[in-house]
Amino acid sequence: MSDGLDNEEKPPAPPLRMNSNNRDSSALNHSSKPLPMAPEEKNKKARLRSIFPGGGDKTNKKKEKERPEISLPSDFEHTIHVGFDAVTGEFTPDLYGSQMCPGKLPEGIPEQWARLLQTSNITKLEQKKNPQAVLDVLKFYDSKETVNNQKYMSFTSGDKSAHGYIAAHPSSTKTASEPPLAPPVSEEEDEEEEEEEDENEPPPVIAPRPEHTKSIYTRSVVESIASPAVPNKEVTPPSAENANSSTLYRNTDRQRKKSKMTDEEILEKLRSIVSVGDPKKKYTRFEKIGQGASGTVYTALDIATGQEVAIKQMNLQQQPKKELIINEILVMRENKNPNIVNYLDSYLVGDELWVVMEYLAGGSLTDVVTETCMDEGQIAAVCRECLQALDFLHSNQVIHRDIKSDNILLGMDGSVKLTDFGFCAQITPEQSKRSTMVGTPYWMAPEVVTRKAYGPKVDIWSLGIMAIEMVEGEPPYLNENPLRALYLIATNGTPELQNPERLSAVFRDFLNRCLEMDVDRRGSAKELLQHPFLKLAKPLSSLTPLIIAAKEAIKNSSR
């Protein structure tokens, strides 16, 4: 009898998703050659000295040092002229474009682009309808400037390592006294370092989602591109002499050289940031929860407060881009908010850097959206918390640039916090728009895909896509070829919902405000916090049953 009463009093279980979705080393025999061999570098210099006699070796060396060094060309680009024949529906050499650049021959579509297009599933009709969008996504995919830097401070489940970097170091008045500046490095040293980096460059790593919902295309990508021609009042390149301006880490050889810091300089900078002392005396009960390319993640307890924290331990000798760690720490340290997974502390322990962050035991929102069904009240609660985080970041001139369910962490109490600042970009009034292709393709805003200058509202578009994730369990176009997905993002406007009639009018209006193609008409974080949809938000504690149900479903599926 009592058992029957207990069963009646238990709330129904949350609804689950049914388908959780080498060079030639042989030496030349010069003696057999009828022609004289090419003079070596030293012989060239000796001959030049005989032609232009100086005082002595020391004088010549001094003069050589005084001569201005002419660097290799940088930031150059190969302009490809491609036209489109509306009759045949084929991409052709653009004769007019070639005439605009004297000396250039018409090239037509490059072979690698043609191969990409053949496997893209973009139909001939779609190519004919919007050839420029096709070219935009082809340029993005064929870029050789893509980099795969670690997001060092990533603390999400499984210690995911994704493709990303801090695009700008903090430059607010709070941090102006300690900008992570990098002194110039000599050309010879830098070339050697660059060769070593190229040889040791790890292969690209796919950013993870839960195994049962993972797509090979769901990864974060970064492409450094030339800024489009825009009025100076809108975009002004940051001045190298202005210590308070944001210096962008553009992915070019010359700028990588300028941003070099020696290991000793990095250690000196880190010593000025980290806390003094032994973290093993402050934290106890270390438990390993993840291992990644950039380090190992543990949970631990703060002895003084009893707070559970996440600690990432990184061997600095194994980090290829150590200066980016400094930038990421500084960005996180200066942007603390209740809706952000906050940086707590850091320590140098031997050759390791230990970074202490808040720990949220509920896991990522991805687990909830792929394993359970959320109602509008729960979705509104998550959107409100994310908008509060974005309003804070945007008001501090920070764009997150990688908003998606993977980067939203949940506490067991239902708290919602934004994490993963490996892509975040700081902007100043002079640098009010950015034009770097960055983020995860399926969550990208159209202005990013089409390589236009953009601002904080790219995060709002991504939030709208994440809201669709919460409804449907995945973002739009996830099962499309990535090239076609980018084409659809660039051309379709607001993505269509599978069953829009199931959503309330106020929710559909919220989605339309987030997913407005016209950036000027798209809502800002501050504006959307006043949207009527958020009044439907349930208490955050309503998320707890979903978190528990998702954990159970994942545990059962792994058996």
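Placement of Cβ uses the backbone N, Cα and C atoms for every residue, glycine included.
Swiss-Prot lists SER2, SER50, SER154, SER186 with the feature phosphoserine, giving similarity to another entry as the kind of evidence. The compositional bias 'Polar residues' annotation in Swiss-Prot covers 18-32, 239-250. Positions annotated as compositional bias 'Basic and acidic residues' by Swiss-Prot: 63-72. Residues annotated as region 'GTPase-binding' in Swiss-Prot, with similarity to another entry given as evidence: 65-123. According to Swiss-Prot, the region 'Autoregulatory region' annotation covers 65-150. Residues or ranges marked as domain 'CRIB' in Swiss-Prot: 70-83. Feature annotation from Swiss-Prot assigns region 'Linker' to 84-282. The domain 'Protein kinase' annotation in Swiss-Prot covers 283-534. The ATP binding site annotation in Swiss-Prot covers ILE289, GLY290, GLN291, GLY292, ALA293, SER294, GLY295, THR296, VAL297, LYS312 and rests on sequence analysis. According to Swiss-Prot, the feature active site, proton acceptor maps to ASP402, an assignment based on sequence analysis.
Recorded features from Swiss-Prot, shown on the structure.
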| residue | record | DSSP (3 states) |
| --- | --- | --- |
| ILE289 | ATP binding site | strand |
| GLY295 | ATP binding site | strand |
| ASP402 | active site, proton acceptor | coil |
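ILE289 (ATP binding site) and ASP402 (active site, proton acceptor) are 24 Å apart (CA-CA, integer value). All protein chains considered, the CB of VAL297 (ATP binding site) has 25 other CB atoms within 10 Å. By a simple count of nearby Cβ atoms, those within 10 Å, the most crowded of the recorded positions GLN291, GLY295, ASP402 is ASP402. Mean pLDDT, taken over the region 'Autoregulatory region' (65-150), works out to 58 on the 0 to 100 scale.
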